[in-house]
Amino acid sequence: MFETCVENVRNTVPLVHNITNYVTVNDVANVLLACGGSPIMSDDREEVEEITSLCSGLNINIGTLNHRTIPSMILAGKRANQLGHPVVLDPVGAGASRLRTETALSLMGEIRFTAVRGNISEIKTLAMGSGSTKGVDADVADAVTEENLDRAAAFLREFAKNTGCIAAATGAIDLVTDGAACYVIRNGRPEMGQVTGTGCQLSAVTAAYIAANPDNALEAAAAAVCLMGLAGEIAFNRMQEGDGNASYRNRIIDAICHIDGKTLAEGAKYEVR
Amino acid sequence: MFETCVENVRNTVPLVHNITNYVTVNDVANVLLACGGSPIMSDDREEVEEITSLCSGLNINIGTLNHRTIPSMILAGKRANQLGHPVVLDPVGAGASRLRTETALSLMGEIRFTAVRGNISEIKTLAMGSGSTKGVDADVADAVTEENLDRAAAFLREFAKNTGCIAAATGAIDLVTDGAACYVIRNGRPEMGQVTGTGCQLSAVTAAYIAANPDNALEAAAAAVCLMGLAGEIAFNRMQEGDGNASYRNRIIDAICHIDGKTLAEGAKYEVR
Amino acid sequence: MFETCVENVRNTVPLVHNITNYVTVNDVANVLLACGGSPIMSDDREEVEEITSLCSGLNINIGTLNHRTIPSMILAGKRANQLGHPVVLDPVGAGASRLRTETALSLMGEIRFTAVRGNISEIKTLAMGSGSTKGVDADVADAVTEENLDRAAAFLREFAKNTGCIAAATGAIDLVTDGAACYVIRNGRPEMGQVTGTGCQLSAVTAAYIAANPDNALEAAAAAVCLMGLAGEIAFNRMQEGDGNASYRNRIIDAICHIDGKTLAEGAKYEVR
């Protein structure tokens with residue numbers, strides 16, 4: 001069924017509206033094109049409602065949030081809700097500052113998100129209302145491991161149930177749940193953490209995947225997470241001597257261009273708990 | 001004569017002031033360097049007039065327009081007009097929101113643009129005052145094809161005549177006209193549409209080309225369009241197995257570094273109607 | 001001792017807060033990861049003090065300064081000063097507009113910078129209070145050459161002494177001084193000037209290096225300058241036929257990933273005057 005998810009994106013070319021940070025925005029645009037979607041970036045409050053109306057999904061990322069764009073996020077999110085478009089939240093750095101935590105919580109309060117994609121520390125912050133995020137990376141103490149996997153899955157399920165969102169916590173092991181089934185995903189490479197923005201890219205791809213598979217949102221989100229991880233694996237195998245994180249970045253996006261339904265179905269490493 | 005256009009850019013290293021979107025801005029800077037120009041980005045209203053005065057051309061791109069930067073665009077454009085510098089408009093997404101359409105029209109009203117470079121839907125929006133742009137890509141119904149080529153050229157000529165701008169509408173077939181002669185250009189590759197920002201890059205290069213060839217603006221604009229398309233062709237031929245849009249992006253800019261006057265003169269595919 | 005500087009960065013993974021321009025910000029993030037640090041970007045006045053408190057260094061770059069972010073720079077800088085964190089200033093384009101010159105001077109007045117990293121024209125502007133910067137590149141008349149080296153070093157020493165900052169003026173020959181010893185560095189390649197943002201990248205790396213080597217700031221800054229230049233040399237040797245500035249950009253960051261203490265110690269080309 002991941003196969004169908006991939007093909008639906010390539011066949012319908014979902015246009016995704018991104019209100020996102022200026023650090024990784026170019027990669028976000030290129031990865032959306034690579035996976036078969038189409039990007040538009042727009043963050044002025046005067047136009048975000050119109051722009052999101054043209055799209056089939058919305059991706060809100062607070063990586064470089066500021067007072068000009070926060071109201072735009074709210075406006076766009078509410079409009080997307082009215083129109084029944086999927087909306088994804090990437091709560092970058094929630095827990096690292098009061099502004100990030102409060103903005104993420106306020107977005108969660110004002111907008112019905114279809115999915116939240118973050119690292120486990122960011123999602124814990126959303127659950128607890130405060131956190132110990134180390135900058136934009138997960139706190140080591142929070143990391144999902146084989147040892148604490150069941151506990152982490154139970155936590156995430158509870159979060160998903162309470163918020164009504166699909167929750168995707170990505171790291172060494174990725175978890176994606178709607179409160180009932182929980183995908184435990186073991187694609188990816190640790191080296192992806194040395195490339196800025198693979199999380200931001202994944203959030204945008206998740207929006208495209210859900211937009212193209214609206215009746216199958218949980219599976220679409222899990223497919224997106226597997227896709228990103230598999231791309232990291234394929235790209236890693238293509239690394240040449242002397243390549244580093246800049247080339248790896250390009251190779252990951254390149255790999256996504258070439259992943260079709262069959263490749264993902266065969267390469268996805270997951271179990272459903 | 002394209003040969004001279006290329007060499008004038010490489011010999012004079014035109015400094016181009018860009019007020020542009022944050023999505024593709026890094027590629028815009030690198031492509032300006034690649035073609036032999038030099039970039040400066042500045043968008044605060046307090047400094048744009050001074051900055052543009054140091055430059056020999058101005059490139060205004062509304063891709064992520066907002067209330068802070070729109071007044072800066074007007075100020076910089078008016079100053080560039082006073083100084084006789086070429087000014088290029090890239091009306092990204094005109095037609096996709098009222099803000100974009102109105103801003104583009106207001107810029108056209110307040111500033112004398114030397115050239116407007118966009119997709120055909122964006123330019124139709126400027127001509128009609130409203131449009132049906134699908135996000136930042138051209139509406140399929142608008143696409144210039146061999147079948148509607150004469151009609152499209154006639155439309156663009158009329159637009160150029162009415163506005164006093166060189167009009168460059170790029171897509172599968174590119175048209176560049178000053179209202180009299182119309183270059184019909186068949187360089188480029190469809191895969192360029194999978195790389196974010198090739199249009200933004202072209203607009204910046206067009207500004208550099210006109211800045212370095214002020215007495216030959218139409219030809220310079222056509223040379224820039226051929227250059228970008230030819231770079232897309234050369235880059236495509238250098239693609240290796242497993243490469244995708246991220247590598248293609250780099251290879252296009254790389255190709256521009258190596259195109260000299262002779263290469264462009266030989267590789268340009270155009271007719272003048 | 002450069003060897004220790006490199007290893008301290010890789011062992012302590014300094015988190016660097018960047019208030020920087022949107023042109024080169026993605027490369028800045030990836031180069032920080034490449035050298036062994038970790039980046040966070042944040043520029044809203046409501047959160048910069050908290051964010052910088054989480055970090056071990058601050059990098060302020062005025063490349064696309066604007067009225068929203070200038071107060072954030074001041075707030076973050078003052079907090080970093082209170083906490084004893086190193087703060088680096090990259091006065092991009094100081095001398096090119098009154099806003100840039102005045103902002104750079106005002107930052108110098110309000111914040112104690114550990115290091116200032118710029119081209120020689122920008123640093124002359126800070127010293128004189130006005131300048132003749134050609135956009136974001138150094139004025140040719142200012143360039144440090146073998147002929148004027150002693151004079152340039154004397155000027156920079158004086159600047160460092162007067163401001164209490166380490167001064168790093170980079171170009172064909174790089175100078176790094178704390179007012180007493182002056183490192184004269186001959187790493188690097190002229191082709192690095194064709195890649196946008198190598199200066200911005202270096203400033204961020206300098207912040208990471210000083211943060212990880214707080215008791216050895218001058219040497220750490222010199223090591224960072226050698227590192228960047230050496231990466232430019234290694235990357236240049238890896239260039240393949242048809243590669244241009246886009247690939248060179250990636251290869252430079254890639255090279256930084258692979259430079260360990262021994263590689264830098266062996267590859268650094270400098271004398272102390």
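Even glycines carry a Cβ here, placed using N, Cα and C.
Per TrEMBL, the feature substrate binding site maps to C:Met41, C:Gly197. Every protein chain shown contributes to the tally, and the Cβ of C:Gly197 (substrate binding site) ends up with 27 other Cβ atoms within 10 Å.
DSSP assigns C:Thr170 (ATP binding site) to coil in the three-state reduction, placing it in neither a helix nor a strand. Residues annotated as ATP binding site in TrEMBL: C:Arg117, C:Thr170.
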Quick one: among the binding-site residues C:Met41, C:Arg117, C:Thr170, which has the most Cβ atoms sitting within 10 Å of its own Cβ?
C:Arg117
Pop the Cα-Cα gap between C:Thr170 (ATP binding site) and C:Gly197 (substrate binding site) into the table, whole Å please.
13
List which of the binding-site residues C:Met41, C:Arg117, C:Thr170, C:Gly197 have a Cβ under 8 Å from any Cβ of chain A, in sequence order, or say none.
C:Met41
Whole-number Å distance between the CA of C:Thr170 (ATP binding site) and the CA of C:Met41 (substrate binding site)?
24
